[in-house]
């Protein structure tokens, strides 16, 4: 049995197969996921698992180079936004790199998400709780 945080086999597989600049989406329960993107559906019920909890587990195993979020999160979901930025700041310190965060309109976010290797659907029921994480290399 694995001894790291991430126990979900499918999600662990997708993270392990990411190459430089490949992306992974972590999204709330309502984001439309393209049929061309592999889906890892973790949602059990409203709020379970939560978006931030899922992000923290994923970034414990993924080297992140940069991230994309919808502009709307700043106004419509400031608590999630601030906690997300805090998690990314801590990850930057751990990894020894600067993780750039790009803000785009939600409609553009949906287009970009359709280019990801996989999308992780959480049980999050708050608006714009979505992020695209782009894989970097730890060297």
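Quick reminder: no glycine exception, Cβ is built from N, Cα and C everywhere.
Mapped onto three states, the DSSP output places residue 20 (active site, proton donor) in coil. In sequence order, 65, 135, 136, 137 constitute the residues six or more apart from residue 20 (active site, proton donor) in its chain with CB-CB distances below 8 Å. According to Swiss-Prot, the active site, proton donor annotation covers 20, on the basis of sequence analysis.
Marked as substrate binding site by Swiss-Prot: 28, 106, 128, 129, 130. Residue environment of residue 130 (substrate binding site) contains 26 other Cβ atoms, counted within 10 Å of its Cβ in all protein chains.
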* Given the substrate site residues 28, 106, 128, 129, 130, which other residues of that chain have a Cβ within 8 Å of the mean position of their Cβ atoms, reported in sequence order? -> 27, 30, 31, 69, 70, 72, 73, 77, 109, 124, 126, 127
